[in-house]
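According to TrEMBL:
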| type | residues | note |
| --- | --- | --- |
| REGION | 1-40 | region 'Disordered' |
| COMPBIAS | 1-21 | compositional bias 'Basic and acidic residues' |
| TRANSMEM | 47-70 | transmembrane segment |
| TRANSMEM | 90-112 | transmembrane segment |
| TRANSMEM | 119-137 | transmembrane segment |
| TRANSMEM | 143-166 | transmembrane segment |
| TRANSMEM | 178-200 | transmembrane segment |
| TRANSMEM | 206-229 | transmembrane segment |
| DOMAIN | 262-451 | domain 'Major facilitator superfamily (MFS) profile' |
| TRANSMEM | 263-284 | transmembrane segment |
| TRANSMEM | 296-316 | transmembrane segment |
| TRANSMEM | 328-347 | transmembrane segment |
| TRANSMEM | 353-376 | transmembrane segment |
| TRANSMEM | 388-409 | transmembrane segment |
| TRANSMEM | 421-443 | transmembrane segment |
Amino acid sequence: MKEDPSIETSAERIAVERGTDKSPLSDISTVTHDGEKDTSAEKEGGLAAILTVIGSGLVYFASFGFMNSYGYFQDYYQTDYLANYSSSTIAFIGTLQISLMYFVGPVVGAAFDRWGLKWLYPIGLVGCCGSMLGLSFSQRGQIYQQFLSQGILFGLSVSFGVQPALAVIGQHFKKHRAMAMGLAAGGSSIGGVCLPIMFARMVPRIGFAWTIRLATLIFFCCFMGAMLLSRTKVPPSGSADVVRKPLRLGTLFDFAGYKDPRYLVLAIGCFTASLGLYVPYYYVESYTLLQYPDSSIHSYLLPLINGLSFFGRIMGGFVADRIGRLNLLYPMAFVSGVFSLAMWLPANNVATIIAFVCLYGFSSGIFISVMPAVVAQISPDDKIGARIGALFTLAGVATLIGTPIAGSLVDRDAVDGYRSLILFGGLTNAAGGALFLLARFLCDRDLRTKW
């Protein structure tokens, strides 16, 4: 399938950008009149555009970067702060963040289309920093406080930063949109590298509460910097050239897309793969600490997996544009599962764990970045956003339940207590890859064609 390089309408411009990141943007509720030339794409780049990319990267550092760091909290909570609770219960806090972000994302994206960044970044700032302050005052052993602050409030608030951060880049870039959005989204991986190291070093020195307050100050500065640097690009001919569609459920989520066999199989594959996608991100640290208590490497595994995920996201978009997005998606999802089964499961030394973390971080980063682009490729232009909204709502459910299910399989009293967890993560990833291959066959049985 060939993609139209001259997408003109506001709805299509911002919808296409959904194909470059793991978090879904909303369907867009404005379109320009047919036949009118969109001059906003004529002048691409410039200082304002570059500063906007930097601002979006700061937002991703402070929002998704913190969520990517939950593996540290999983380890810290189950060994110290919330030691009287099970691994699966603790994991539910982290998956709740991501799931709520997915669920709220389409609505926030529609709000961006109508009002730009004017209100969204400030709401994200207040919500994210407020939830962090609440977390800093949470008490040891009172898990409902972590659920409310870190799980629910932060998960809801982060959507007001993540979704608009990519949408605003879509206004400034067309030809180099994938590169610009990949660089901005890379802020999440940078946060996933830096924040766990900061937490691991600062918590023993100044305590959990003050470390979280320090992170809150950093996040506040990131959001303030983004608000100063980012610029919403308004239609050059004025708002009179824009026709607004009423917001309805169907404009946010296109559930009718499941009538398309390709989309249906792709959605089932996404749900299946998402069940185990974040299992290594959440549990590889606690696994390594249990198996190799004398090694200090466990505190660096989460930064390592996030760092390699950054390169996977950048390279994934670059390669997918050349060999085909679906052609890259199914093998990367499948080999992610193979890495878990062939390397993590039989691992008997730290070197094997490090190699697994590097390979899984890279391959899963590609899967995360390419998945929305595949949906855009098989969807009508006016349904791209809504179909991604429906798909990621499904992925949000899988994320919400998958990692806690894996955690419930852990037996910390057994030598091979993580065996069932690793099998669950690896098999769900591999099964998702097999379903993506089936979707590829439904598109074209000739695997040599670009898809």
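Every residue gets a Cβ built from N, Cα and C, even glycine.
Only residues 6 or more beyond the boundaries of the transmembrane segment (263-284), in the same chain, are considered here, and those with a CB under 8 A from a CB of the stretch are 68, 70-71, 74, 87, 91, 94-95, 98, 257, 301-302, 305-306, 333, 336-337, 340, 344, 353, 356-357, 360, 364, 367-368, 371, 374-375, 378-379, 387, 390-391, 394-395, 397-399, 401-403, 405-407, 410, 418, 421-422, 424-429, 431-436, 438-439, 442. Counting Cβ pairs under 8 Å to the transmembrane segment (421-443), the stretch among 47-70, 143-166, 206-229, 328-347, 353-376 with the most such contacts is 328-347. Of the candidate ranges 178-200, 328-347, 388-409, 388-409 contributes the most Cβ pairs within a distance under 8 Å of the transmembrane segment (90-112). Scored by C-beta pairs under 8 angstroms, the transmembrane segment (47-70) has its highest count with 178-200, from the stretches 178-200, 206-229, 296-316, 388-409. With a threshold of 8 Å between CB atoms, the same-chain residues lying at least 6 positions outside the transmembrane segment (296-316) that come near it are 21, 68-69, 71-72, 75, 182-183, 185-186, 188-194, 196-197, 200, 280-281, 284-286, 288-289, 328, 332, 350, 353-354, 357-370.
It is 353-376 that, among the stretches 328-347, 353-376, 388-409, forms the most Cβ pairs under 8 Å with the transmembrane segment (178-200). Remote same-chain residues near the transmembrane segment (353-376) are listed as 15-16, 18-22, 24, 182, 185, 189, 263, 266, 270, 273, 277, 280, 284, 287-288, 297, 301, 304-313, 315-317, 319-320, 325-326, 328-329, 332-333, 335-336, 339-340, 343-344, 347, 384, 387-388, 391-392 (criterion: CB distance under 8 Å, separation of at least six residues from the stretch ends).
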